[in-house]
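Enquirer: In case it helps, TrEMBL gives these features for our protein:
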type: TRANSMEM; residues: 43-60; note: transmembrane segment
type: TRANSMEM; residues: 80-97; note: transmembrane segment
type: TRANSMEM; residues: 109-131; note: transmembrane segment
type: TRANSMEM; residues: 137-160; note: transmembrane segment
type: TRANSMEM; residues: 172-196; note: transmembrane segment
type: TRANSMEM; residues: 273-293; note: transmembrane segment
type: TRANSMEM; residues: 299-318; note: transmembrane segment
type: TRANSMEM; residues: 330-349; note: transmembrane segment
type: TRANSMEM; residues: 355-374; note: transmembrane segment
type: TRANSMEM; residues: 386-407; note: transmembrane segment
type: TRANSMEM; residues: 419-440; note: transmembrane segment
type: TRANSMEM; residues: 452-472; note: transmembrane segment
Amino acid sequence: MSEKPFEENPHSKASLESSGHEIGELRDLTIDPIAEKKLRRKLDFLLLPLATLCYTFFFLDRSNIGNAKSAGMDKDIGLHTFDFNIGTCLFYVVYLLTEIPCVLMVKRFGFWLLPLSIVCFGVVTLSSAFIHNRTGFYLTRIFLGFCEAFQLPGLSYFLSRYYRRSELTSRIGTFMIVAGGSAGAFGGLLAAGLLARGKIGSRESWQNIFLVEGIITTGIGLILLFIFPTDPERTTMLTEEERELAKRRIFVDQPDIKYTKEAMSKVLIKRGAFNVTTLCCTWLYIVGTAPIFKSKVFAAFNVSVQGLGIFLPSILRVNYPEASSIRIQILVVPIYITASVVALLGTIGCIKFKVHWVFCLTGALLNIIGYSIWTATDSSAAKVRYAACFLNMSGGFLGGPVVLGWAASNASPDTIRAMVGAVVSGIGGIGSIAGVWAYVQTDAITGYHKGNVFNLSMAATLVVTCIGLFLWQLQENRKRERGERDYRLQKEDVGTLGNLHPSFRFIY
């Protein structure tokens, strides 16, 4: 099995102190920059490939429904006008309701839950190859929503246990973008190959996609169960000196915390969900990473950057009605590659220039331009609309990790760091649920003009929210520099102030 997790007892201070999580053991909090650089490189080499691998299969098994639909799944299992919308909606409702409980389970019981969830949603994907009616479609989407709810917030929290605030955005960006881009491109090529393969046993066509991807995902999850690391205080992938340095980095990065992993409390959980940064980033995530594309047949939408390609193959089918299924899958590939490069450069820029709002604003503007193209053109402008897909996908890919990094970089202490990923990406499902019904088949006669205008308007709110959050954080930093928040030091719970601490500075 994976490394033994730290057993947190929320009612026992002694258990925290005896576990090596207490600051009293680290009297000297100075950090050798050379040793820190070596540790950071080691973490990048060991952790990022694991996070990327997990997220690749998370993204692949979420978005393959689009590949299957474009290959005729909806017709084969007898889905009617709104059935596909309802099934997809059920996925996001379950995902939204379970993300926060799932990430709190990860904090409480350990990171081994992440590879276990991969095994579970691999099995669900595999079972999707054997559905034959609407009920089976609904059930598999419900179970997939629960199993996948562990991944994005869990991986974000996992990285926040090892990296400093100023290092998080590029790392979150790396695993989200590389995984999302490679899964989207690889998924298209794999789907094309599987569709051309013919029968695999008793399965054929779209069933092959679920069958093969489910088997691969389950196998990868089983392997990861044995190698996935636990908390930095206990992991065997680091030496004793590296573990001490990893703990020291956590203490230095967050003012006056006593433990690297404090006990959970209702107060901290509530603070993690309801604060200005989290709420603003949640809205940015809902709108900026849920682009909805115009289609003659159905709505195309996404809950977050990992779901941006669910309906892309079918959108391309509208643009190129005479193209074969294999060609449609191949047309997806350059969109993902372009979006991945743009977004990766953006997240690196966040760290290099120590700024998030500029790159978040850039993603918003790309979405606005893309929606404007869809609103202003009709089906005769196939090439222009294809170009708009590049803009919308790039804006969504850039917005997702930048917004998550923005939220995570300003979260402290540990419970709040665990919460923000779940709140931002989980509540982001609201945008997807609304998006399901923004474009319905009965509105096809209008060309879905109302839906496109709605999404263009929502994308415009990104600009206001992004600039507003930047100005608020800038003003709050100035107030703390002037000592206007020093009164908080008189409270008894100084060790859990985290991002409320007068010496805490927002990274905007």
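A Cβ is built for glycine as well, from the same backbone N, Cα and C atoms used for every other residue.
Please treat TrEMBL annotations as automatic predictions, because they have not gone through curation.
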Enquirer: Sequence gap of 6 or more, Cβ distance under 8 Å, 3 or more pairs: do the transmembrane segment (355-374) and the transmembrane segment (172-196) meet that?
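Expert: They do not touch: fewer than three Cβ pairs between the two stretches lie under 8 Å.
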Enquirer: Using a cut-off of under 8 Å between C-beta atoms, tell me which stretch among 109-131, 172-196, 386-407, 452-472 contacts the transmembrane segment (137-160) the most.
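Expert: If we count Cβ pairs closer than 8 Å to the transmembrane segment (137-160), 109-131 scores highest.
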Enquirer: Report the listed stretch (80-97, 109-131, 330-349, 386-407, 452-472) having the maximum count of Cβ pairs within less than 8 Å of the transmembrane segment (172-196).
Expert: 330-349
